[in-house]
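Feature annotation from TrEMBL assigns compositional bias 'Gly residues' to 1-23. As annotated by TrEMBL, region 'Disordered' applies to 1-65, 713-762, 1186-1236. The compositional bias 'Low complexity' annotation in TrEMBL covers 41-62, 1186-1211. Marked as transmembrane segment by TrEMBL: 88-110, 181-199, 219-237, 302-323, 338-357, 369-387. Per TrEMBL, the feature domain 'RCK N-terminal' maps to 409-551, 812-956. Annotation source TrEMBL lists compositional bias 'Basic and acidic residues' at 1220-1236.
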Amino acid sequence: MANGGGGGGGSSSSGGGGGGGGSSLRMSSNIHANHLSLDASSSSSSSSSSSSSSSSSPSSSSVHEPKMDALIIPVTMEVPCDSRGQRMWWAFLASSMVTFFGGLFIILLWRTLKYLWTVCCHCGGKTKEAQKINNGSSQADGTLKPVEEKEEAVAAEVGWMTSVKDWAGVMISAQTLTGRVLVVLVFALSIGALVIYFIDSSNPIESCQNFYKDFTLQIDMAFNVFFLLYFGLRFIAANDKLWFWLEVNSVVDFFTVPPVFVSVYLNRSWLGLRFLRALRLIQFSEILQFLNILKTSNSIKLVNLLSIFISTWLTAAGFIHLVENSGDPWENFQNNQALTYWECVYLLMVTMSTVGYGDVYAKTTLGRLFMVFFILGGLAMFASYVPEIIELIGNRKKYGGSYSAVSGRKHIVVCGHITLESVSNFLKDFLHKDRDDVNVEIVFLHNISPNLELEALFKRHFTQVEFYQGSVLNPHDLARVKIESADACLILANKYCADPDAEDASNIMRVISIKNYHPKIRIITQMLQYHNKAHLLNIPSWNWKEGDDAICLAELKLGFIAQSCLAQGLSTMLANLFSMRSFIKIEEDTWQKYYLEGVSNEMYTEYLSSAFVGLSFPTVCELCFVKLKLLMIAIEYKSANRESRILINPGNHLKIQEGTLGFFIASDAKEVKRAFFYCKACHDDITDPKRIKKCGCKRLKVAARSRYPKDPFEFKDTTHGPRLVAEPVEDEQPSTLSPQKKQRNGGMRNSPSSSPKLMRHDPLLIPGNDQIDNMDSNVKKYDSTGMFHWCAPKEIEKVILTRSEAAMTVLSGHVVVCIFGDVSSALIGLRNLVMPLRASNFHYHELKHIVFVGSIEYLKREWETLHNFPKVSILPGTPLSRADLRAVNINLCDMCVILSANQNNIDDTSLQDKECILASLNIKSMQFDDSIGVLQANSQGFTPPGMDRSSPDNSPVHGMLRQPSITTGVNIPIITELAKPGKLPLVSVNQEKNSGTHILMITELVNDTNVQFLDQDDDDDPDTELYLTQPFACGTAFAVSVLDSLMSATYFNDNILTLIRTLVTGGATPELEALIAEENALRGGYSTPQTLANRDRCRVAQLALLDGPFADLGDGGCYGDLFCKALKTYNMLCFGIYRLRDAHLSTPSQCTKRYVITNPPYEFELVPTDLIFCLMQFDHNAGQSRASLSHSSHSSQSSSKKSSSVHSIPSTANRQNRPKSRESRDKQKYVQEERL
């Protein structure tokens, strides 16, 4: 018969005792010599007593001896055990079963007695109520007093029990600190007990151990004493004792705690059911939630699934380990096999996964029976839990980490509308090579993970770009990206959204969330609608003086278009200036060559060298242009109240002092540093500007200024950079610039230890004749800030024109605005288009009449913001109607603007601009019949001083002669013959039909690629970038996407945005924005010296070279000579050329398209047809001679100004005859000036 083997525990055919009838002495010695396995030590006590009872019969000894051998347990030399080797597993199991069933019996008995007591009391109560009714209320009171006393006693007893129960509930709940500590401690000790089980599983199932010497048994005993106390607390706090007794955690305690006390009593241990402690892992997710580690539903679900799966797996492995190492009881535990616990874990895994290699399998009947039932549940659990776990892990945020700030390196946070297009445009401009080394890391935060294309873009810029998934509305995500230490936060807007107001509201909420988390963070946000910009002022921590900026796309877009109405092509030039473009060199002599040379220029700021101190602005500007090859267009000015503003071409009355900040147009930031390094002593004789670098005396001067500061300005460190604190300087004008100068990487250097102190002798501080005439106490001509022309509110019915009325008005030199929109369209804010055209630095007679052509329902919604502006009319209709266009004399307008307020939710992006494209092509295909034969000549652009010099009043001493309006078109006839002094020059025009292609227009586009449809005769490729296309270069198309570059430009230098807004909006100030936010309308104001002084600001115009004092330079002259002459003589600052597209060709061309050349070099050759972009000073006296002109008289004059679209080039003979008459007139002019 089989006998128990050695330490391995396997069974063999002839045991160590040899033969079937071995003596008991040999058996005993074999027991002491060999340790039985885990299976051999698991014999039952019943078999042991049976064998000893049968040992008295010699005849049966041979039969029972093998059974006795199967009952033998290993005995160690250190711990003396029973020499008979009896197994006591039944005692351990009995302790657990008695505890469980005994407690269950007591609970059920208590419930039964309580139920019977309740039934009896209920019956007794009914009997007493009947007696009370029969005996009357008086007797009932006397008889019920003892009962009430008993009820009060019971209530008192229940109150005491309730207090104890509540105390126990508080102790074990996770709502208090004590409860959380206790719950976590119990879980930790349960895991500790499970680890002890793992250690003991390498020993036999049952073994003799001395409690006083076994360290693991002592630790396990301490753990279980704690579990027993915790069980008592849980029992007291339980509301339903029966359900508590049947809970999983209670069952675990029943089968793990009592056997430990039995082990101490018997000095032996049984591995038994201690593996049930693995079921405590199910509570792992609860523990992590108590510790506030798990917060999201996905993480909680993931931990739940993992804990259930692992605990079930380990528990089942423990049961298989027990029965396989013990054997079946009915087989006298002889069919056991030696399996380690971890082999059982492996067996359960291959079983659940249905792989079943067969290398390890169950041999016992109990093990196989358990596997049958387990494989059903285990397979179902494996098939459902594992895929869900993998899915949750796979869906785990790939970009869910936290940003680690790098020492010595700034970082910015970019959020909002994060797409491939917006991010690529932003990075292309932000990380452009023309900037100084950009030591800034860009952190993108968005709640949607990037697609593959965007992810690839991030990987290409991995050294400077990081992406994190989250929302700025969540403070936890803001903490992840370290928003408190970020240099700035940039919020991008979706320019193509269907609901602009909703998009603005989302961005405003982002600003509120960020400012609520960290009020001092600098925020630059994009806004779509101008009226929503006012909501930012409601945020308490929003402070534009600390660097917060809102880039309103509608305001700037319409402002750019409005400036193109005054000087066509200006929108293209300004858009190229604040966009970072690389220089593209073209060898061929084409218009793209000169255009791209100008495109590479950008706008930078730099502090001026001390060599410029004491010089006037025109002198410094000329020196920078001629010597340093830099174009300076503005400077920073600090007022007496320590606030700063920008002065654009301030004139020769302003002197430069130490530390003046200049605004330059240059090709890269390194070139601009010449203005800071320039030293008259060292660089005066240098002709190559590249050799102008920091010299020794420059270093000494800087060091001396740092040791002995003589300038009254001093620095104070702030969050973003140095703040300049100035001494009082006379300045009555409002502030338009933040006083805080940021030290960024994009062209601004460390400022010297001083700040501008500009001694400005403003002639407008002393009212002249013109101002005295304007200071009428009874008439409001300007708004309360004096920045814009103003009139009393008008009803919309008074400005509506019918077709016949419009045709009878004979409009000319006006601006036609074709607007597409309806009742449901989003407002685009036409006020931003009208305000620059109504700037107060124009005289009233110079204002161009504005005619809106569009839906009256839409214009009624916009009218509330337009009713305070003069010279505005409305023609109800549609821009696609040629009859409406002819009624407003579109062929005689100075500019036609095509806008669309319709948000087209169309999948095909090419159809988004269908209305604007159709309107543009419709106008170009129209034919006009010129019936006016004699026109008032006006050259192209405004006529500069000197054209009509018959009167000394027209000399530059008193101001420049102005024509009735500034014209920028190529369809104005060129002067072919000069008339006698004092008479208007006339020109004859053949009566022929002219097409609408000569009408000047600018079309707004939503999608950049649609620019290819505007010009049918160009050869632009559909994949060409917008700035390289002919319509954009010519200034006839504008897309809002070009404004994306303003985000990075504003971050590096917040003054750039202020300068752009000053040039584009016509003079909008933070004070004016606060007023509009308060009333949503301009408020009229009486003229005062302070408000009238605000009219003295530069404006952009175009200078014609065909006639006037610059005509001699127009025919082959140098641009640098023109620049210096205009600056010295008239304080006009030239900054670009608007040239005919085919002017470089030797053969004449009929093409009237022009393109923009930004900041040409000094030696650039001019042609007579060029128009020069210039910043001209405000002329105080130009309005006196026109002040008495009525609106009708001006209209009649301007209407006769143009009637032809023919662009006639003057003959060579006339051009050769012109210089003589010009020289004689110049001589007469200078004689008159000397007499004056």
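Placement of Cβ uses the backbone N, Cα and C atoms for every residue, glycine included.
Note that this is a predicted model, so its numbers are computed, not measured.
Within its own chain, the transmembrane segment (219-237) is flanked in space by residues 164-165, 168-169, 171-172, 182, 185-186, 189-190, 192-193, 196, 211, 244, 249-250, 253, 256-257, 260-261, 263-264, which lie at least six positions past its ends and keep a Cβ under 8 Å from the stretch. Helix, strand and coil content of the domain 'RCK N-terminal' (409-551), in residues and according to DSSP, is 58 helix, 32 strand, 53 coil. Sequence-distant contacts of the transmembrane segment (88-110) (same chain, at least 6 residues past either end, Cβ-Cβ under 8 Å): 42, 44-45, 205-206, 241-242, 245-246, 251, 254-255, 258-259, 261-263, 266, 268, 270, 272-273, 326. Long-range contacts of the transmembrane segment (369-387) within its own chain (CB-CB distance under 8 A, at least 6 residues past either end) are made by residues 305, 308-309, 312, 316, 319-320, 323, 348, 351-354, 362. Same-chain neighbours of the transmembrane segment (181-199): 171-172, 174, 216, 219-220, 223-224, 226-227, 230, 256, 271, 274-275, 277-278, 280-281, 283-284, 286-287, 290-291, 314, 318, 341, counting only residues six or more beyond its ends whose CB sits under 8 Å from a CB of the stretch.
Each residue in the domain 'RCK N-terminal' (812-956) has a pLDDT score, and their mean in this model is 80.
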